[in-house]
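Colleague: Can you read through this structure? Questions will come right after.
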DNA sequence: CTAGACGTTGCAGGC
DNA sequence: CGCCTGCAACGTCTA
């Protein structure tokens with residue numbers, strides 16, 4: 001039987017290595033490529049900021065253009081997804097819906113609801129995995145039903161499974177010709193909306209542009225330097241280089257503009273040709289496996305994105321402080337290194353992994369003692385590569401709530417950045433007000449004399465003292481026991497002279 | 001049961 | 001500058 005199929009794009013905004021799309025083409029007499037833009041669903045399940053909307057719309061536009069080149073089109077249908085599916089299944093006599101399987105609870109619920117509609121309206125649902133390297137269920141089974149909680153153990157399980165499945169072939173114009181495209185005229189009704197249609201600011205200054213084409217181009221650029229690929233060592237990359245010192249491909253993986261399996265095998269081929277290559281956890285392939293690690297743990301942990309009711313998460317009495325949270329989010333902590341990071345995040349939607357560490361440590365265990373859940377929400381809104389599992393997992397890591405427990409190892413908001421960028425070029429780029437500040441003081445401008453501040457054209461304020469305070473914080477461990485732990489706290493006693501200054505630090509932050 | 005090993009990427013200081 | 005050690009030390013897992 002030849003199906004009349006809707007292929008539903010959710011993530012997986014690509015043509016290459018798209019198993020569900022390929023299955024649709026191979027089993028159908030007509031395929032409707034559809035993206036449902038359900039704003040109510042999206043705002044209720046995720047916090048998507050303007051930059052992420054831009055990236056999504058650009059990705060859809062690119063997908064539309066690629067499908068057109070193959071003789072098809074993309075139909076972007078706005079509305080509540082259940083009624084959109086119901087209406088169009090009936091209108092187009094649909095017998096099959098294909099989609100990529102996803103692991104987030106809200107996407108799983110969506111698939112279950114679509115399956116429910118399928119039973120009611122008489123269409124089949126085919127969901128195939130395309131977003132991760134492995135079927136995480138298999139990993140759980142091999143680990144005795146629970147997720148491995150260390151990377152080493154995770155790798156041991158993967159060695160039992162062997163390499164991931166190889167990518168499926170690219171769909172061709174012939175594939176699309178064999179089944180009819182949607183009726184003429186439909187594509188015009190269901191175009192990709194403009195940012196202004198969605199009441200999103202029209203301009204984005206992010207250097208990242210969404211879409212499979214852009215993602216593939218960036219991927220090829222990086223893979224061309226085989227020596228760099230083979231020797232890649234994550235902790236040695238520079239968090240504050242003016243251009244990304246890592247691949248910067250993460251936004252394309254999180255939206256599925258790029259396939260992790262294709263990337264995995266491209267890396268394997270390069271490693272095979274190299275004399276020596278780095279290994280997980282620090283290698284490029286190791287980075288893909290970290291992604292897989294967090295997917296696996298998230299898939300089997302209740303309340304993974306929360307502290308309460310999350311069995312792997314330390315229960316800590318974080319401070320509730322909306323004002324300091326807001327200052328952190330809007331780059332007003334007073335520490336140029338932290339504020340530059342938050343500025344890059346807000347302007348570009350991407351920051352280096354170690355910069356994320358510095359900012360996350362500052363918000364949680366390092367300085368402000370504010371819950372990782374708050375930071376997670378901010379990153380979810382602002383990061384183009386925001387990913388349900390990876391975001392929550394890393395926030396637990398950085399706040400020493402799970403996976404990592406050395407909470408006395410604090411990233412210093414002054415010295416950590418200075419190690420790799422002593423001149424403070426990164427700070428000068430993202431905080432232009434400090435552009436002419438002497439390098440000596442740029443990570444702690446309040447230590448410059450008033451005269452020196454005047455010469456640099458920027459009055460920051462003055463402080464005689466930068467304190468390193470050792471506090472005792474009460475935390476509750478997994479077994480409900482309360483205990484006191486040391487908490488290193490950096491802060492400055494800084495008075496703000498100019499209300500127009502973007503910097504100010506409340507002192508002391510913890511009392 | 002306990003002791004010891006272990007954990008992707010801290011910091012300071014020495015060479 | 002890169003690499004080393006010592007520091008002080010957590011929770012979790014395992015022998």
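From the backbone N, Cα and C atoms, a Cβ is placed for every residue, glycine too.
Sharing the record's features from TrEMBL:
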BINDING   A:246-250, A:287-294, A:385-387  FAD binding site
DOMAIN    A:3-133  domain 'Photolyase/cryptochrome alpha/beta'
SITE      A:318  site 'Electron transfer via tryptophanyl radical'
SITE      A:372  site 'Electron transfer via tryptophanyl radical'
SITE      A:395  site 'Electron transfer via tryptophanyl radical'
Colleague: Have a look at the recorded sites A:318, A:372, A:395 and say which one has the shortest Cα distance to residue A:386 (FAD binding site).
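Modeller: Comparing Cα positions, the candidate nearest residue A:386 (FAD binding site) turns out to be A:395.
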Colleague: Which has the fewest other Cβ atoms within 10 Å: A:290, A:318, A:372, A:395, the recorded positions listed?
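Modeller: Selected from the recorded positions A:290, A:318, A:372, A:395 on minimum Cβ neighbours within 10 Å: A:290.
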Colleague: Among the binding-site residues listed here (A:288, A:386), identify the one with the smallest other-Cβ count within 10 Å.
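Modeller: Taking A:288, A:386 as the binding-site residues, the minimal 10 Å Cβ count falls on A:288.
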Colleague: Using residue A:246 (FAD binding site) as the reference point, find which of the recorded sites A:318, A:372, A:395 has the shortest Cα-to-Cα distance to it.
Modeller: A:395
Colleague: Out of A:318, A:372, A:395, point to the one nearest residue A:288 (FAD binding site) in space (Cα versus Cα); all of them are recorded sites in the record.
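Modeller: Closest by Cα distance to residue A:288 (FAD binding site) among the recorded sites A:318, A:372, A:395: A:395.
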Colleague: What is the separation, in Å, between the Cα atoms of residue A:290 (FAD binding site) and residue A:318 (site 'Electron transfer via tryptophanyl radical')?
Modeller: 27
Colleague: Other than its own, how many Cβ atoms are within 10 Å of the Cβ belonging to residue A:250 (FAD binding site)?
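Modeller: Neighbour count, Cβ to Cβ under the 10 Å cut-off: 22.
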Colleague: Could you check which of the recorded sites A:318, A:372, A:395 is the closest Cα neighbour of residue A:292 (FAD binding site)?
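Modeller: Closest candidate to residue A:292 (FAD binding site), judged by Cα separation, is A:395.
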Colleague: Of A:248, A:292, the binding-site residues given in the record, which has the fewest other CB atoms within 10 A of its CB?
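Modeller: Taking A:248, A:292 as the binding-site residues, the minimal 10 Å Cβ count falls on A:248.
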Colleague: On a count of neighbouring CB atoms within 10 A, which of the binding-site residues A:246, A:294 is highest?
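Modeller: Neighbour-count leader: A:294.
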Colleague: Tell me which of the recorded sites A:318, A:372, A:395 ends up closest to residue A:294 (FAD binding site) in space, Cα to Cα.
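Modeller: Among A:318, A:372, A:395, A:395.
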Colleague: Using Cα-Cα distances with a 10 Å cut-off, which of the recorded positions A:248, A:250, A:318, A:372 are near residue A:395 (site 'Electron transfer via tryptophanyl radical')?
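Modeller: Hits: A:372.
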Colleague: Round to the nearest Å and give the CA-to-CA distance linking residue A:248 (FAD binding site) with residue A:372 (site 'Electron transfer via tryptophanyl radical').
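Modeller: Taking the Cα atoms only, residue A:248 (FAD binding site) lies 24 Å from residue A:372 (site 'Electron transfer via tryptophanyl radical').
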